[in-house]
Amino acid sequence: MLVVEGLTCRFGTKAAVDNASFSITPGGFVGVIGRSGAGKSTLLRMINRLAEPSEGRILFHDQDVTALQGQALRQWRARSAMIFQQFNLIGRLDVLTNVLMGRLAEIPSWRSLAQLWPEKDKALAMSALDQFDMAAYAAQRADQLSGGQQQRVAIARALVQQPDIVLADEPIASLDPRNTKIVMDALLRINKHFGITVICNLHSLDLARNYCDRLIGMASGRVVFDGAPEQLTDQIARELYDLEANEVMGAEHHVPGASSVPELAGAVAA
């Protein structure tokens with residue numbers, strides 16, 4: 001189980017994440033929602049330890065993740081694989097090599113520098129690409145792919161890390177509707193077929209409701225909603241997103257004079 005206890009991250013006097021607490025059982029597909037600047041990305045980066053918490057701690061199966069250093073920290077980052085909005089592929093390298101980068105924590109650095117990847121890792125990478133219909137592109141340069149194809153390669157790279165958790169930070173933010181569905185279906189496959197916990201930052205409420213079995217809503221760095229998608233009423237969503245409600249819900253949902261975020265405090269699950 002992943003447990004977040006009183007997690008806070010401050011930049012100067014501003015708290016990007018403010019006393020966030022929740023627990024996630026293995027195998028869930030959790031959507032983290034909220035307006036821009038709510039603290040969603042910082043939360044995921046702290047779970048992966050790409051950002052350091054100012055206060056609080058993260059536990060995974062009773063291990064204190066916030067105390068990890070050195071090799072133990074590198075192993076945790078492999079077990080909690082990140083997928084980024086920007087794909088983070090190396091454009092000049094072929095697709096297969098980009099996926100193999102997900103095995104860096106498992107091999108000596110001289111092997112990766114010389115690109116002497118073990119055959120079992122190559123087979124694992126090809127299998128991961130095949131899961132997302134990208135095996136035919138294995139020899140192609142990454143910068144020759146479309147955005148949706150690049151994100152599928154990034155998901156395959158995360159899969160070869162053989163993670164316990166996948167942390168997807170706005171993975172479809174720059175994609176068109178067709179590629180958005182393809183990428184979200186790929187994340188759902190990771191979750192349902194492989195049983196990997198997925199925590200995904202999403203701006204679209206429709207996608208969050210359609211794909212996630214639990215939603216965590218953030219506002220001004222705080223967790224202000226935690227529950228099943230069906231518990232997130234349109235009224236709560238309007239309060240959560242405030243001025244961005246039209247964008248994330250569609251014009252047909254807009255009701256003038258929607259309430260402000262502080263009223264959401266009672267929506268957090270006990």
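Glycine residues also receive a Cβ, built from the backbone N, Cα and C atoms like all the rest.
Straight from Swiss-Prot, the features:
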type	residues	note
DOMAIN	2-245	domain 'ABC transporter'
BINDING	Gly34, Arg35, Ser36, Gly37, Ala38, Gly39, Lys40, Ser41	ATP binding site
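On the structure: features taken from Swiss-Prot.
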residue: Gly34; record: ATP binding site; Cβ within 10 Å: 29
residue: Arg35; record: ATP binding site; Cβ within 10 Å: 20
residue: Ser36; record: ATP binding site; Cβ within 10 Å: 11
residue: Gly37; record: ATP binding site; Cβ within 10 Å: 13
residue: Ala38; record: ATP binding site; Cβ within 10 Å: 27
residue: Gly39; record: ATP binding site; Cβ within 10 Å: 24
residue: Lys40; record: ATP binding site; Cβ within 10 Å: 27
residue: Ser41; record: ATP binding site; Cβ within 10 Å: 21
Task: Additional residues surrounding ATP, by Cβ distance to the Gly34, Arg35, Ser36, Gly37, Ala38, Gly39, Lys40, Ser41 centre under 8 Å - done: Met218, Ala219
